[in-house]
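Presented below is the structure to which this report refers.
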C-alpha cells in the first residue's frame, strides 16, 4: 500500500478497534515508513496499554531510522514509561528532549510532569513546571493531579490558590481543574472548601459537565455529607454508571445500608444500567453482619452470571464480605474458586479468619501462602500478628517479629504498628514500650497505639504521661488517643488532666464526635463532677444511646437514683429504647440510693421492654437487696440466676453478710468464694473481717494465715487528693509522710475535738483487730482518707470543695466522721471509694447512710 496517509489511518483504526496485532502486521509489511506511521504505532500501543511494546518500538525507531522524534512521539513514549513506572527510561527520554530542543514545548513538558508524577518523583515534576517558559491550563491541571495522586493535598491546594490568583478571572479554571481538586477536599474532609468549589462550578456553569457532578457527589460522600451527596445525585438528570457508583459508594461508606441496596436495585432494575466491577466493590463493604449474608450470596450469583470475576479485586472483596458476615466457610469456598490467587487474595481470607473468630485458620493459611513462595505484605503480617494475639501465641508472635527483622521489614510503619498492637494485646507493655522507644522516627499512628495500649491495660499514669509528651513533640493526638487519655483521667479521677483534654478535644473538634462526647461525660462523672457531666450531656446536639447510658450510669455510681430514673423516662420519651447497659445504670442507682422496691420494679419490667436480664443485672439486684439487709431475698435471686454466679457476686453478697452480721450465711458464701478464686487477696480479707466483726478472732487469724501461706498480702488503704495539678497520696497508719508530719496529725486531732462536740463517737467495730480501745482509736485516726481530708482543708481556702479518692471501701467510722467534719467546717467533701461516690454536705451524705 503506497498511500502513506491511508496507511497511517488504517494503523490508527486497527488500534482503535482493539486489534493491535493487525496494526503490527500492516506496519511490518511496509517497505518504507514515515514519522507519522511510527508515531501511529507508538501511540496505538500506548493507548492500548501495551506499555512495553510502545517503549521497545520507540527504541527500535531510534536505532534503525534516521528520522527524529517530534513533539508527538515524546508524549506517547512518556505515557508508556508512566504506565509501568519506568523512571529510568523516562529520565533518558527527558535528556533526549532537552538535547533535541523540545525543552520549551508545553505539550511535551506536560507529559514529562505526568510521567514523573506516576513514578512518584514529585520534586522532578515540580522542577519541570517551574522551568516551563510557557504554561497552559493543562500544565496547572497536570501538576495538581501529580500532587493529589501523591498525597500532597496541602501543596496541591496551595497550587490551586496560586492558579486562581494567576488568572485574571475564574475562567482560568475548567472542569478538569475542579475534578482534580475535589478529591483533595474529600481526602482531608474539607467539606467547606468543597462547597466553595461547588459554588464556583455553578458560577462557571461547569456543573453541566457530568464529570464535575460526579466528583462533587463523591466529595460530599467521602466528607460524610451524605444528604448533600444524595440531593445533588437526585438533581443530576444525565446519570451514567459512574454517577451511580459514586452515590452507592457514598451510602456504603457512610453505613447507609438501606440506601446502598435501594440504589443498587434502582440502578439495575429501574434505570437498566449494567452493574460493573466498581459497583460490586462499592456495595460489598456495606455488608458488615450476619443479616447481610443473603445479600452477599445474591451479589456473588450476579458476579458469576455476568462474568465479573475476571478482575481479582471482585473475588477478593467477596471473600472479605463473606468473612465479615460470619460465614467463613463461604469465604473459603469463594477463595478456592479464585484461579490465580495473589497476595491480596490470601490476605482477604487470612484477615477474615483473624478478625472473625478463627485465628487458628489464619495462622495455617499464612504458612500455606508461604509454601507458594508469595511474599507477605504488611496486611498479611498484621493479620498474622492479630491471630497470634487472639490465640495468646506469644512465642509464635515473637517468631513473626524475628521474620520481620530478617526480611528487613521493621521500618515499615504499618508493620511497626501491627507489632506494637500485638505486644499491647498480649499485655506485654514493657516489650511494646521498648519497641516504641527504639523507633528512630515515631509516627503519629505509633504514638496513638502506645497511648491507647496503656489505657486498655490499666496503666493510666503512663497513658497521660505519653499523651502529654506526644503534644510536646508537636504531634497531633488522634481521636482514639484523646479518648484513651480521657479514660485514663477518669480511672485516676484526675479532673484537672481531664479538663485539659476536654479543652484539647474542643479545639480539635473531637468533642463533636459522639464517642468522645460520651467519654467526656464519663470522665467528669468518675471525677465526681456530675454537674459538669450533666452540662456536657445537655449541650449535645445529638444524644445516642451511649451518651444516655453513660450519664445514667454516672448518676448510678453517685447514688442519685431519682435523676437516673428521670433520665430513663426522658430517654424513652425521645424514642430511644433502653438496652442492657441502661438498666445496669438504673439498677445501680437504685442500689446505691436505697430505692429497693423501685429497683425491683425496673428489674421486673426489663423483659417487657425486650431486654433479657443478664448476670450483671442479677448482680445489681442481689447487691441492692444485700445492702438493704434482705439477705434471704438476695440469696434467692442468686440461686435463681440463669448463669452460674461468679466470684464478684459472691464477694458482694459476703460483704452484705458481714455488714449485717449474718455469720451462718456468710460462712457458706465464704466457702464458695474461696473455692472459685483462691488466689485473690481481697476475698481472704473479706472472710477474715467477717469473723473479726463477730468476735471470732481465732477464725480470723486462721484465714489470714491461709492468706500468707498462699503468698498473698493485703493492699494497704491508700487515699489521694489532687491540688493545683499535683497528686498527694496517703497510706493508712503511715508515719513517714513528711506532709503528714508537718501538722496534719495535730490538725485532725483538733477537728476530732470539734466533731465530738456535735455527736462523733469512734466506731470501734470498724477496727477488725484484737487490740485495746485506745489502740483502736489510734488506728481509726490513721485511716488514709482522714489524712487526705485534713491535708486538703489545710491547703485550700475556705469554701473550696474537696475531692478525695480511696482504693478500698470506706469504713463506717470514717463515713460518720466525715459527715460531721463537713458540717463543722462548712465544706462539701466528696469521697470516691472502690464502691461508689459519697458527697458530704452539712452533716449528711448523698448515700443516706446506705452504702
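Heads up, the Cβ atoms here are built off N, Cα and C, so glycines get one too.
Under the heading repeat 'PPR', TrEMBL lists 34-69, 105-139, 342-376, 443-477, 544-578, 579-613. Annotated domain 'DYW' per TrEMBL: 759-851, in sequence order.
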Remote residues contacting the repeat 'PPR' (579-613) - C-beta distance under 8 A, at least 6 residues beyond either end: 545, 548-549, 552-565, 568, 571, 620-621, 623-625, 627-628, 630, 642, 836, 847-848, 850-851
Confidence summary for the domain 'DYW' (759-851), mean pLDDT rounded: 89
Number of helical, extended and coil residues in the domain 'DYW' (759-851), per DSSP: 38 helix, 16 strand, 39 coil
Beyond the flanks of the repeat 'PPR' (34-69) by 6 or more, those residues with Cβ under 8 Å of it: 4, 7-8, 11-12, 14-15, 18, 20, 23-24, 27, 76-77, 79-81, 83-84, 86, 89, 96, 100
